[in-house]
Amino acid sequence: MTHLIAALLRYHDPRMVVLVLLEAICGSATLMLIIRRRPPGRRPAVAVAVTTASFGMVVTLVSWVTFITALAGTYPRLRLNIPLHWVVPALAMSLLSGMAAGAIQKFGHRSARNAMLGGSLLACGFSCMLFTGMAGLVRPFALAYDLTAILAVMVLGAALSTFALWESSQHSRRRRPWIIGHGLTVLAISVLCFGSLAAILPFDAWMEAVSQPDDLASSPIAIIAAAEAVAVLVLSLTGSLVDNRVAARDRMDADRFRQLADSTLEGILIHRDGDIIDGNESIAALLGLPLGVLRASQLSRFMTPDGDATLWSGLRGTAPVQTNILSASGVRMPVEIVSRVISHGGRPALVTALRDVRQRLASEERIRFLAHHDMLTELPNRVLLSESLDLALDLAALTGASMAVLFLDLDSFKIVNDTRGHVVGDQLLYQVATRLRKDLRVNDFVARVGGDEFVVLQTSGAQPEQATQLARRLIACLEPSFCIDGQELSVGVSVGIALYPQDGRTAAELLKNADIALYQAKEHGLGWYRMFESSMEVDLRERRAMEQDLRAALLRNEFALHFQPIFDTNLELVAFEALVRWMHPTLGLVSPAQFVPVAEACGLIIPLGEWVMRTACLAASGWDVPCRVGVNLSPAQFLRSDLRSTVTTILAETGLPANRLELEITEGVLMENTEGAIRALTELRDIGVRLVLDDFGTGYSSLSYLQLFPFDKLKVDRSFVQRMEADEGSRAIVSAIIAMCRSLNLQVTAEGVETIEQFDLLCARGCHELQGFLLGHPIPQKNVEHFIRRYLLAQVGPPVPPRAALQRFLRQRPIDA
């Protein structure tokens, strides 16, 4: 080794050194170009042969030229005359080792073993060529070499060649690996060239080696071959160990990355030149193929005919792009994709991430739908109604056509919603919307604009005939009952109609006037329609003003109770009926017939009815006689789920016994919800309250009511009582009602008794109780106690028949007003 260092430091011709470096640089650059050049896709066998031969020839040429140049620079007086039969084997060894190294480098996998094997082959070929050439140059003599130096140079050259091949084999667009590989190759050539020549021993050492024929120092080629074989084995083994460690680490990384990839929701594809290399479980599930089949598939199999292949090339930037793909079953699916270039298996490839956006697009579509449609019924909402109405008006203005706006409001829906709950109410609204959709024509438009309010646009047909026909058809389609959770529910609909252009030229005017007509239809009765008339607007303003005044009246305690007495046939005071009165600050006394329907329509009947019941019970609890007090229940009150608790609370607060409270219910309430009515009446009966069927004989009277419902008393409507004197039919009806109630153990109260003849007829037929102006007008609450005291004084005397009792009562009747 000392000799090697000394030889390297001794004089060399600088020009030759520079020339060797230039030759090494040129040769190294050529080798780098061959290594980095991509082979053509056609005729791969020819490409392999050409590339391998080119690499070997360049290695041989560079090795021989640098050897001759370095030899001339080291021994300038030496005549360079190497026999041809020595040159050929020297070049052959270099060529074969170069081709082998080139094949491993170019077409083998990038691994430590292949890099070490290729580097050791290059060093071996160079050394064998150099020492074979030196042997041919000095024949018949033989040179002696420093074997340690030869091995050191060869190992160093092999190491440098190995690192050069490793760096240059990186498939990267960057220049750094190429520059490093190029520099290491130049250094390896220089070390092998100058180091091998420096290993030649001087004359004295040569003499000693020659004197010993079996000395290995004089047989360098055999030593190099043996050492190279050992080096190749050692380096290959070392490279294999390194590769195994790297492979194990790569497998662990691959498993970890596979787990991470499979756990992602996005599908991941790795592909190259249109061939799918790998993917994760998400992409397999998305495309509907097992991973094994997917890896053997072409990317084009999953592209739609109108798809853009460049979206998969990774050239569109890093922002996701939306496109469509086809699953294995041919289903078209919208996805977002983004592609990037990666290194896979030592070669460039593309990784594409795919995100299934079907759910997101469906959600976006649902949001757009809900922006213009009602969530419950899926009918158009106010926004879409406004747009459609404006468009229809513009079209009508251009064509001169007429159109109709129909405003619909469900009858009795509030009662159903309050008594059955919002869930049942929502189901009912959905079924109503379904019926409306089925009954409308293609050109008609229906929207839900409120709780139980709908608007229909009729843009074709002769008006007003088509609008009235449509209104009748809509009323008829909602007449059949609705079945919800096994229960039959009935609601009707009232319709208000406004026509373009006579009832309005703007959307706001038409909707307002149709709403006004709707109010008039409800005033006329349930299940009716009305066309808009200009006079209706005045009525609506008055109605809305009354609504506002009613709200204020509840706050200002403007309501008062009057009590009308009820007597038995012996003129004994048995009960009072509580009647509400409204003393308006400007209108004076307002009739209940005027404000009660308004209170029912706007929902104020609930607080008003509760106030009436509480006030009546409180007043009755302070009377000197234990007579009963009757309170009328509105349909909205009767069907509320909290009616029992309300009545119980009021009785507890006022101290009135339950059997002194009579709750009067009309027949119409029983028809709307039979099951709910039975339940409510049973609950009230359980707490001891007396139940009265009011106005019997009006509406749709049914004898089944008396059998189904637990009533205590029945009140005959005043219309029959007042016709008894002149109408035999009315007398027969009243007689039948009284006889029937006697058989059912029901008490009977006759309303509207105004003459003595009516009194006599009712007493003769066995009526239990009488009420009317003949016996007493409604009395203000403040005068009731005075009335009771006067009544008690007037009753002093022995019992007499009814007619005599009436005459005595009329002579001594207390002041009732």
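A Cβ is built for glycine as well, from the same backbone N, Cα and C atoms used for every other residue.
The domain 'MHYT' annotation in TrEMBL covers 12-203.
Per TrEMBL, domain 'GGDEF' is recorded for 401-534.
Here TrEMBL flags 543-792 as domain 'EAL'. Per-residue confidence over the domain 'EAL' (543-792) averages 88 (mean pLDDT, predicted model).
If you look up TrEMBL, you'll see 16-35 (among others) marked as transmembrane segment.
What TrEMBL lists as transmembrane segment is 47-72 (among others).
Summarising the annotation, TrEMBL assigns transmembrane segment to 84-104 (among others).
Feature annotation from TrEMBL assigns transmembrane segment to 116-137 (among others).
The annotation transmembrane segment is assigned in TrEMBL to 143-166 (among others).
Per TrEMBL, transmembrane segment is recorded for 178-201 (among others).
Summarising the annotation, TrEMBL assigns transmembrane segment to 221-242 (among others).
Taking residue pairs at least 6 apart in sequence, the domain 'EAL' (543-792) and the domain 'GGDEF' (401-534) share three or more C-beta contacts under 8 angstroms. Within its own chain, the transmembrane segment (16-35) is flanked in space by residues 51, 54-55, 58-59, 61-62, 65-66, 69-70, 72-74, 102, 105-106, 164-165, 168-169, 178, 181-182, 185-186, 189-190, 193-194, which lie at least six positions past its ends and keep a Cβ under 8 Å from the stretch. The domain 'GGDEF' (401-534): residue composition by secondary structure is 57 helix, 37 strand, 40 coil, according to DSSP.
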